[in-house]
């Protein structure tokens with residue numbers, strides 16, 4: 001077992017360190033996080049809108065009383081803006097990582113302009129994409145499908161490229177410099193003029209090129225090249241298993257697996273979630289099983305590695321002084337899926353006694369949840385992005401709008417516990433033996 005740990009440290013630590021040092025991945029992770037307040041507020045409106053009641057009594061009531069229109073307005077004003085908010089966050093963070101002179105707000109605004117310039121507008125009269133047509137301003141607009149999570153890949157590319165161009169001009173001092181007496185906000189605005197002109201012109205030319213060649217827009221191209229293949233992988237059973245294993249492996253060596261893997265997979269899971277949101281809104285069958293709520297609420301129960309079962313085993317079976325002391329420190333955070341006290345306090349990190357269940361339990365959760373939902377035994381996640389800190393059972397109910405989601409979580413927690421118990425007992429006994437030996441040595445001394 002120690003050989004396995006040594007091998008993981010030798011081979012995974014350099015990979016994790018390398019990935020963690022990639023500025024683009026850090027910018028994507030932190031940039032998407034900028035949209036989290038909107039996602040959470042929108043999720044609350046979606047929970048209220050889709051709250052399950054017999055014979056849809058609730059939906060009927062809110063529709064009759066006009067509440068539904070207000071809720072839909074909130075949903076569109078929050079959840080359907082994830083793409084354009086992310087492009088601002090990604091560009092802002094990436095520019096600051098590339099240049100100490102960068103103003104994050106300027107970079108984000110320029111990227112946002114590039115995003116809108118590269119996105120086709122709609123003709124309000126017939127919904128067709130217009131190019132070169134004389135359409136009244138009042139009839140023009142951009143589809144929500146380009147501003148929500150479906151536009152995430154365009155947001156990533158446009159945000160990164162725009163920030164790189166902006167930072168390059170700043171690093172090479174190709175900017176309009178204002179006197180020191182000028183307020184910083186004004187100075188930043190003038191410094192962004194030259195790179196801003198280049199950025200906007202670049203995306204305008206690309207837009208014209210795509211329209212002239214029949215490719216429509218960068219959204220279509222990126223979705224075809226990146227989005228569709230990655231969605232096929234991320235939305236598959238194999239993809240979910242690979243993600244769950246990688247999260248556990250990186251956590252085991254002390255690297256935040258959720259942040260590291262999430263920087264790559266979050267855009268994919270958010271798009272899959274968006275498909276269920278759109279289907280639910282249209283009253284259609286939910287197409288996706290694996291979404292962000294699926295991973296957060298049915299795979300990582302208790303946090304990365306699905307450690308709630310371990311925390312319960314610790315609370316019930318701990319005999320060593322060390323583990324008894326960890327009970328109050330792990331139980332409450334664990335209920336809210338915060339497991340850093342468990343990971344580093346117990347610890348799980350580099351603990352050879354616990355590596356097997358730490359890898360097996362999340363995979364088991366993926367398999368059981370996937371087949372339960374794909375078979376129709378349990379309702380699929382509706383696309384409502386339930387906060388990952390929502391306690392189990394409640395989160396299962398809210399994520400699926402069905403009691404079956406809560407029941408599935410209870411079953412998973414019990415099965416997780418059964419797997420964790422024997423491994424925890426071996427670990428606890430080893431600590432107990434060490435404590436007894438230490439007490440014996442103290443008496444002899």
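Sequential numbering from 1, following the chain as shown.
From the backbone N, Cα and C atoms, a Cβ is placed for every residue, glycine too.
In TrEMBL, annotation is done automatically, which means it is predicted and not curated.
The domain 'PTS EIIC type-3' annotation in TrEMBL covers 8-423.
Summarising the annotation, TrEMBL assigns transmembrane segment to 31-51 (among others).
Per TrEMBL, transmembrane segment is recorded for 71-91 (among others).
Residues annotated as transmembrane segment in TrEMBL: 152-170 (among others). Long-range contacts of the transmembrane segment (152-170) within the same chain: residues 24, 27-28, 31-32, 82-84, 86-92, 94-95, 98-99, 101-102, 106-107, 110-111, 114-115, 118-119, 146, 191-192, 194-196, 198-199, 202-203, 218-219, 222-223, 226-227, 267, 270-271, each at least 6 residues beyond the stretch ends and with a Cβ under 8 Å from a Cβ of the stretch.
What TrEMBL records for 190-210 (among others) is transmembrane segment.
Among the features that TrEMBL reports, transmembrane segment is placed at 230-253 (among others).
Here TrEMBL flags 298-318 (among others) as transmembrane segment.
Marked as transmembrane segment by TrEMBL: 352-373 (among others).
Summarising the annotation, TrEMBL assigns transmembrane segment to 393-421 (among others).
Each of 31-51, 71-91, 190-210, 298-318, 352-373 was scored by its Cβ pairs under 8 Å to the transmembrane segment (230-253), and the highest score goes to 352-373. By the Cβ criterion (under 8 Å, sequence separation of 6 or more), the transmembrane segment (298-318) is in contact with the transmembrane segment (352-373), since 3+ such pairs are found. Sequence-distant contacts of the transmembrane segment (352-373) (same chain, six or more residues past either end, CB-CB distance under 8 Å): 1-2, 4-5, 237, 240-241, 244-245, 247-249, 251-252, 289-290, 294, 298-301, 304-307, 309-310, 346, 379-381, 408, 411-412, 415-416, 419-420, 423-424, 426-427, 430. Residues of the same chain lying 6 or more positions beyond the ends of the transmembrane segment (71-91) and with a Cβ under 8 Å from any Cβ of it are 27-28, 30-35, 38-39, 41-43, 45-46, 48-49, 62, 107-112, 115-116, 144, 146-152, 154-156, 158-160, 162-163, 166, 270, 277, 385.
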